[in-house]
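If you look up TrEMBL, you'll see 182-290 marked as domain 'UBP-type'. The Zn(2+) binding site annotation in TrEMBL covers CYS206, CYS209, CYS226, HIS239. Annotated domain 'USP' per TrEMBL: 331-850, in sequence order. Summarising the annotation, TrEMBL assigns active site, nucleophile to CYS340. TrEMBL lists 638-679, 713-753 with the feature domain 'UBA'. Taken from TrEMBL, the feature active site, proton acceptor covers HIS812.
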Amino acid sequence: MQRAALFRGGDAQMAAGDLGELLVPYMPTIRVPKSGDRVFKTECAFSYDSPDSEGGLYVCMNTFLGFGREHIERHYRKTGQCVYLHLKRHLRQKVPGASGGALPKRRDAKLFLDLEISSDLSSDDFEYEDEAKLVIFPDHYEISLPNIEELPALVTIACDALLSAKSPYRKQEPDSWEEELQASKHAKTLVQLDNGVRIPPSGWKCSRCDLRENLWLNLSDGSVLCGKWFFDGSGGNGHAVEHYRDTGYPLAVKLGTITPDGADVYSFDEEEPVLDPHIAKHLAHFGIDMLQMQVTDNGLRDNDIKPRVSEWEVIQEAGVKLKPMYGPGYTGMKNLGNSCYLNAVMQAIFSIPEFQRAYVGNLPRIFDYSPLDPTQDFNTQMAKLGHGLLSGQYSKPPMKSELIEQVMKEEHKPQHNGISPRMFKAFISKGHPEFSSNRQQDAQEFFLHLINLVERNPVGSENPSDVFRFLVEERTQCCQSRKVRYTDRVDYIMQLPVAMEAATNKDELIAYELKRREAEAARRPLPELVRAKIPFSACLQAFSEPSNVEDFWSSALQAKSAGVKTSRFASFPEYLVVQIKKFTFGLDWIPKKLDVSIDMPDFLDITHLRARGLQPGEEELPDIAPPIVIPDDPKALDIDESSVMQLAEMGFPLEACRKAVYYTGNLGAEVAFNWIIAHMEEPDFAEPLVIPAFGEVASSGAAALGAVGLDNQPPEEMVAIIISMGFQRNVAIQALKATNNNLERALEWIFSHPDPEEESDPALDTVDMENNANANILAETGSEGPRIKDGPGRYELFGFISHMGTSTMSGHYVCHLRKEGRWVIYNDLRVCASERPPKDLGYIYFYHRIPS
C-alpha cells in the first residue's frame, strides 16, 4: 500500500532502489526488440486507437503489441503480462512570446513517435508533445520516462529500442506499399517563375534533344527535359539533371504519370523520389488541371461553359458541394498508396447485415478467443475493421468553431475521422504477390480473394459469404451430334459482357474518333469526350447467348468437334454481385478499359435466366473422359515463345510464363494470362516447367479416377499440414491419394467431397476459389455440396464500385452505397452525401434480393 501511494502521488518521489525492487519480479518478461521483431506502437491490435487517442496506446514490453485503453485489460488477463509502455501524444497551445506571438517550436524536441502530423490545425498556434510512461498492471503504477538514472539498465535499453523501432509495415522491397515516400523539403517553399509557360496535353519533346519519352517537367520554370536511365529504367540523355545543376531548380514531375491522385515527383537535391503535397498548385501554375487532366489557355476551366464529362469528375462528383457525413457507417478509410480498391470493397462488404452480424456482432467472442498475436488472425482483423467502420467512434463531426479556442486552452482532444487499414492490409495481402505491393489492383480480384479468406476462416455456424454464393448450370452441346451435357459450378459474381455493338450513339462515336485522331495528329487539345451508351438489356442478352467452346472434345464422337455453351442460374443468391467486363487487352497486352455508359437498373429481374435442366428430347453426352495424349518427346514440346515473351514483358517470371502457355495449350497470351492470375500464389509458381514422363502422367490419370495403388502413401509432412488445418487423418490421406499428392488439389478435393457418413463441417463446404478467376468448381453429383441460399431472382441496387483510369493497373476506385434512403459516396477518407451518383459508370454492382 505504501508503494502504491508513492506512485499515485503527484509529487511523491521514489528512490532508484525502490524502482529497481519494484521491477525485479517482471524483469524476465521485459524484452529488448531484436532485428525482425515487429513493434506495433502506432495502432491497437483490436481497434484503431493510437497514441493520438484520448486514452493513448499501451505497448506490451514482451510481445510489442499495442492496445487501446478498452483492450489492455483483455491482454493482461489473457497473458499475465504486467509491464507496458504507455504512449500518448498531446496537442497543446503554444506559449505566447514577449511580442505576443507564439514561441517558435524546436523541431522534434518533443516528438519521438512515428505518427502523422495533422494539417487541420495551424502550426503557428499549436504544437505536439509526446509522452511515454511505464505502466505496471494490475495496479496501474506509472513511471514517467525518461528515467535513466533510476530504472534498471535492461528496462532503459528496452524502452529506447521500442521507441526507436521502425514501423512493422516497412519492407525492403522498393515496390512494397508500406515503403512510403517522404514529402520533399522544397515542396512548401518552391519558387515558380512567372514566365507564361503552358504545357500542352501531348506532343512533348525534350527542349535540348529530340527525345519524346522519359520526359520530366521542371516545376520551377516549366522546362521539359529528358531523364537518365536510373530514374525509371528507360533511356535518356540526362538533360533534366543537367538543368538542375545549371539552375538549382530542385523538383521535377514525370510527364505521363499525372493523375488526379498525384504524380511521380523527383528531387534532384534530395536525390530520390519524393511526395509533393502541393503538386496540384504547382501543376496549375503551368496550366495543368490534375482533376480534369486537360489544359486550357489560362490553366482554368469555366464550369458554366463546358460540362464535366471526364470519368474522374463524374464519378467523384467534382464541382458539386457535397455534405460530409459522420457517425456509425460513415467512416472513411485512408488510402495507403493505391489501396483504394481495398477501401471500396470493404465499405461495400460491411454495409451487408450478414457481415455485420458475423464480425461486429460476434466481436467480444472473436476478440476473447483470438490467438496471442491477433494481428495474424483473419477474423480478429475483420472484426476490428468492421467495428472501426460501423461504430462511429472514428467518424465524429468537427467541433463548433466557438468551442475550439476554449478547448485548446486546456488540451486538444483530436477528432478521429477515418481509419488507416494498415494492419488489415498487411495481413490480408500477406504472401500475395500483387495485393502486398503498392500497385493498383482489380477490385473484382480482391473481392474474390477476400471471399476465399472468409470461406477458409468460418466464424460461427453460418458463413457470411453464403449470401454471395450461387450455382450456375452450364449446358454444353456438341454441334455435330447435338448431344448435351449439364454441369453445375459455384460462382460468386455475375460477369456481364459489354455489348459494344449495341451502342445507341454510334454516329457520335465515329465523329468523335475522327476528331480525336485529327487533334492528336495536329497536337491540339482533344475534343470533348463522347462515351458509348450501351443498353443494359443488350449486356444481359449477351450474357445469356451461347458461346463457342474452344478445343471442345466430344465424348459422343470420341474426337474434337465444335461445341457451344450456355449458362443459366441454378440458384439465385441473397446478394447478387454484377461485374461489368470493361477490361480487355490492348495491342501491348496491357489491360485496357472500355469507357462506356450502361443504364444499370435500380430494380433487376433475372427470373428468366433460371436453369431448367435436361429437357425432353435432349440426349446426354456419354460420360467418357478424353484420352491422355503423350508426346513422343515431352522435352521437345512446342511452346509458343511469342506468348511467353508477351507475358514476361508484363513483369511475370519467365518460367511461370512458360508454364502458363504450356498448361493452356498454346491458346494465346490472354488465356495464359488468366492461368497466371489463378496460380500466382502457388509455391512453385516461378519454378521451372517440368513436363511429366509417361509413367507420371499415367499415374496422375489413375489417381484422378481414384485407382490409387497401396504403395502410393502420401508424404507424412503433407498429411501433417492438412491435419493442422482441422481435418481428420483418414480424410487427409484419402485426399492426397486422390490428387497424386498435390497439396493444393487435395484441399480442393476435401472442400468438394464432404464425408457423407459424418456431419458436414462448415469448413468442408468451402471451396478454394483462386484456382479459377471466377471461383468456379464442379458440384459433385450425389454430394451435399456447398450451401446455397436460393430464392426469387428479383433484386434492388444498393451499392456500386466505380473505377477511374485506363486499366486495372492504374487509376482510382470509389464506392457509392445507399444508406438511410440516400446515396453516399465513399472516396477513401472522404464520406459525403451523394448528389449525382454515377450509376451508369460503375464497375461492380451490388444488389440485394427483394423479399417476395
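Counting starts with 1 at the first residue shown.
Including glycine, each Cβ sits where the backbone N, Cα and C put it.
The model shown is predicted, which means the values in this text are computed figures rather than measured ones.
Distance from the CA of the residue listed as 'active site, nucleophile' to the CA of the residue listed as 'active site, proton acceptor' is 6 Å. Other than the site residues CYS206, CYS209, CYS226, HIS239, same-chain residues with C-beta atoms no more than 8 angstroms from the centre of those residues' C-beta atoms, the Zn(2+) site, are SER207, ARG208, ASP210, LEU211, LEU215, LEU225, GLY236, ASN237, GLY238, ALA240. Residues belonging to the domain 'USP' (331-850) score a mean pLDDT of 80 in the model. Of the recorded residues, CYS340 (active site, nucleophile) and CYS226 (Zn(2+) binding site) place their C-alpha atoms 31 Å from one another. Just so you know, the Cβ of HIS239 (Zn(2+) binding site) picks up 21 other Cβ atoms within 10 Å once every protein chain is counted. For CYS226 (Zn(2+) binding site), the count of additional Cβ atoms within 10 Å of its Cβ stands at 27 [all protein chains shown].
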